[in-house]
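Database features, via TrEMBL:
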{"type": "DOMAIN", "residues": "1-50", "note": "domain 'PSI'"}
{"type": "DOMAIN", "residues": "8-439", "note": "domain 'Integrin beta subunit VWA'"}
{"type": "DISULFID", "residues": "CYS9-CYS19", "note": "disulfide bond"}
{"type": "DISULFID", "residues": "CYS181-CYS187", "note": "disulfide bond"}
{"type": "DISULFID", "residues": "CYS235-CYS275", "note": "disulfide bond"}
{"type": "DISULFID", "residues": "CYS409-CYS666", "note": "disulfide bond"}
{"type": "DISULFID", "residues": "CYS437-CYS441", "note": "disulfide bond"}
{"type": "DISULFID", "residues": "CYS452-CYS464", "note": "disulfide bond"}
{"type": "DISULFID", "residues": "CYS477-CYS491", "note": "disulfide bond"}
{"type": "DISULFID", "residues": "CYS506-CYS511", "note": "disulfide bond"}
{"type": "DISULFID", "residues": "CYS549-CYS554", "note": "disulfide bond"}
{"type": "DISULFID", "residues": "CYS556-CYS565", "note": "disulfide bond"}
{"type": "DISULFID", "residues": "CYS590-CYS636", "note": "disulfide bond"}
{"type": "DOMAIN", "residues": "615-703", "note": "domain 'Integrin beta subunit tail'"}
{"type": "DISULFID", "residues": "CYS621-CYS698", "note": "disulfide bond"}
{"type": "TRANSMEM", "residues": "704-726", "note": "transmembrane segment"}
{"type": "DOMAIN", "residues": "727-754", "note": "domain 'Integrin beta subunit cytoplasmic'"}
Amino acid sequence: CIKANAKSCGECIQAGPNCGWCKKTDFLQEGEPTSARCDDLAALKSKGCPMEDIENPRGSKQVLEDREVTNRKIGAAEKLDPQDITQIQPQKLVLKLRVGEPQTFSLKFKRAEDYPIDLYYLMDLSYSMKDDLENVKSLGTALMLEMEKITSDFRIGFGSFVEKTVMPYISTTPAKLRNPCTGDQNCTSPFSYKNVLSLTSEGNKFNELVGKQHISGNLDSPEGGFDAIMQVAVCGEQIGWRNVTRLLVFSTDAGFHFAGDGKLGGIVLPNDGKCHLEDNMYTMSHYYDYPSIAHLVQKLSENNIQTIFAVTEEFQAVYKELKNLIPKSAVGTLSSNSSNVIQLIIDAYNSLSSEVILENTKLPKGVTISYKSFCKNGVNDTQEDGRKCSNISIGDEVRFEINVTANECPKKGQNETIKIKPLGFTEEVEINLQFICECQCQSEGEPNSPACHEGNGTFECGACRCNEGRIGRLCECSTDEVNSEDMDAYCRRENSTEICSNNGECICGQCVCKKRENTNEVYSGKYCECDNFNCDRSNGLICGGNGICKCRVCECFPNFTGSACDCSLDTFPCMASNGQICNGRGTCECGTCNCTDPKFQGPTCEMCQTCLGVCAEHKDCVQCRAFNKGEKKETCSQECMHFNMTQVESRDKLPQPGQPDPLSHCKEKDVDDCWFYFTYSVNANGEANVHVVETPECPSGPDIIPIVAGVVAGIVLIGLALLLIWKLLMIIHDRREFAKFEKEKMNAKWDTVS
């Protein structure tokens, strides 16, 4: 919205569906341009514009004609005129469109039972269709009987065609013009197109007139069927078409000429798409070229005619390609003598009527339309497939959701009309498009208002719309004065050479501040010296995300202070587990504890590296009060009465973790080297409570007798072991000495013998 640089409310609402215009007179800050009145709704509210001063017109829809679709069954006693039968709803509505805001409406379609049908049988009467003509002569009454099963109001007509009556399509010799057939064949003179029978409900008359028809002939294989189709489509009065289901059966066993082929006969004028029937004969075939396929599609669609191509097997591929180019058309295979033509027509009609395709007239510039279909059996589609539903039976109801969006306003803002209709049906929905291009407050504007510098503009929607040649917020300047150096002096701050602080331009002696690429960043002030994005930051955010930047100074939200609003006044982060702020040992500053006693630290001044623990700190007082002993025994009543003491029988009876008050479990030694157990806690009121086990755990003295007995026994055992070792060593020594003696004794005997 800001980027649109809207100078008026009308320009603003055309910038986007979410843009609003603040018409409050004193809304703009000094230095802000008129275009700052245009912004999205949330931004305008945040800038202080009341809802009642915001212009934000919305689109709407209004249904003017909404007749219910007709519920009517075949054979019903009530006979309705075709114009009284309704198959599409609603019929007429008005859409008020704002740029970018789609308007949606629902369209309902229901195939009415017993809906009237007009069928025109257009037949190729070239010589190759001779045997087919015999079968078609009885077509009228037979087809009437079959169609009575579908509708009680059926009419049939007949026309024939051959070819253009010029060379090289036919032979122009007098004899061949009288009878183009060879031998003794009696053929009628060649012709382009003849309306033999206008639409009638008398089947016998069809048989009678068709029975009088004769085959004709031509020279080339493709026929002039397109000339005939064009005349059948545009000569509604002569053919007798009603505003009902219109079927055209095109029967041939050959191909077709189309636009450009007329040059072969020296015919270069394009087909004019107008009716040229005189005495039921097409009289301008020699003057106008064949129509193009696109021209035929246009005329068939304009006149709501559905085409059935009944062609032989040989030309099926050609006419199937043609069917793909002509909406609401079908192709059936014609037997060589047209004996199956009735069943072909019935099948093709059922195929055509089982599908509904919506089309719209040409859309005005800048208007788009989209469709969503809700068909049988829960089948939904969007985009191009959203225009149609298939497999519809008589009496079935389908629904379409249609979105119409204006992407721009028409230059003159005038209303436009578009129409939507199902292909092949005469009924349509008429939609009147009204464009919202101006605000309501603009109609209440005051031309030549005194508020706009002596009547140099129209005061509307809280701002001046300047007359031609005038500019400025209040139209106070003419375009000739814009670059005057005298004006620039009013745009400089005192003792400064910068015009508008280099953040704007001087127009009519007033600074109009620049716009930044980020539309949330704004320059303001008389000299554009202020902005909302150059304030101190914290954690990468302007004003820490806890305030608003105004003229480069943070205005903090409640509970925040500091140059970057980074100082919280909330004391909750400083609350210790005992419910005290900073454990009573400091002050809470910007949400952080500032400990007054340097011994303490931590988030809530709870830690002291050089202090005794809770247990050691209170050990002597607990000992003197509970057991009347210890270092403070003599001064117990003076130094140790700062806590409440409760004695319990055993350690199991001491308070356990999980209670609301912070709790410390202690195990300490008394003067007799006995262990005593206690807990220390402080409640929310700051009262200290001690629970102590009433009986210390003292170690028992040693048992002397077992110790002495053990020592004596040990000495005896050691002595015995030493004696045994000595005895063993002596035995080993004696044995060695004896062995030595024995050896010496033996040596003495040897000496005597010698």
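Any Cβ shown, glycine's included, is placed from N, Cα and C.
Everything TrEMBL records as a feature, shown here on the structure.
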{"residue": "CYS9", "record": "disulfide bond", "Cβ within 10 Å": "29"}
{"residue": "CYS235", "record": "disulfide bond", "Cβ within 10 Å": "22"}
{"residue": "CYS437", "record": "disulfide bond", "Cβ within 10 Å": "21"}
{"residue": "CYS441", "record": "disulfide bond", "Cβ within 10 Å": "18"}
{"residue": "CYS464", "record": "disulfide bond", "Cβ within 10 Å": "26"}
{"residue": "CYS477", "record": "disulfide bond", "Cβ within 10 Å": "22"}
{"residue": "CYS549", "record": "disulfide bond", "Cβ within 10 Å": "22"}
{"residue": "CYS554", "record": "disulfide bond", "Cβ within 10 Å": "24"}
{"residue": "CYS565", "record": "disulfide bond", "Cβ within 10 Å": "26"}
{"residue": "CYS621", "record": "disulfide bond", "Cβ within 10 Å": "21"}
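Rounded to a whole number, the distance between the Cα atoms of CYS9 (disulfide bond) and CYS452 (disulfide bond) is 17 Å. Of all the disulfide-bonded residues listed here (CYS9, CYS464, CYS491, CYS698), CYS491 has the Cα closest to the Cα of CYS590 (disulfide bond).
Packing against the transmembrane segment (704-726) from elsewhere in the chain is no residue: none 6 or more residues past its ends has a CB under 8 Å from a CB in it. Local packing around the Cβ, expressed as the count of other Cβ atoms within 10 angstroms, is greatest for CYS452 among the disulfide-bonded residues CYS187, CYS452, CYS491, CYS590, CYS666. Note: CYS556 (disulfide bond) has non-local neighbours CYS543, ASN546, GLY547, GLY562, CYS565, i.e. same-chain residues 6+ apart with C-beta under 8 A of its own C-beta. Residue counts for the domain 'PSI' (1-50) under DSSP, helix first, then strand, then coil, are 18 helix, 7 strand, 25 coil. Residue pair CYS464 (disulfide bond) / CYS9 (disulfide bond) shows a Cα separation of 11 Å. Taking H, G and I as helix, E and B as strand and the rest as coil, DSSP gives the domain 'Integrin beta subunit tail' (615-703) the counts 20 helix, 28 strand, 41 coil. Around the Cβ of CYS181 (disulfide bond), the number of neighbouring Cβ atoms within 10 Å comes to 16.
Compared over the disulfide-bonded residues CYS275, CYS409, CYS506, CYS511, CYS636, the count of CB atoms lying within 10 A of a residue's CB peaks at CYS511. Cα spacing between CYS511 (disulfide bond) and CYS491 (disulfide bond): 6 Å, rounded to the nearest whole number. Shown are the disulfide-bonded residues CYS19, CYS698; the one with the most C-beta atoms within 10 angstroms of its own C-beta is CYS19. The CA atom of CYS621 (disulfide bond) is located 80 Å away from the CA atom of CYS491 (disulfide bond).
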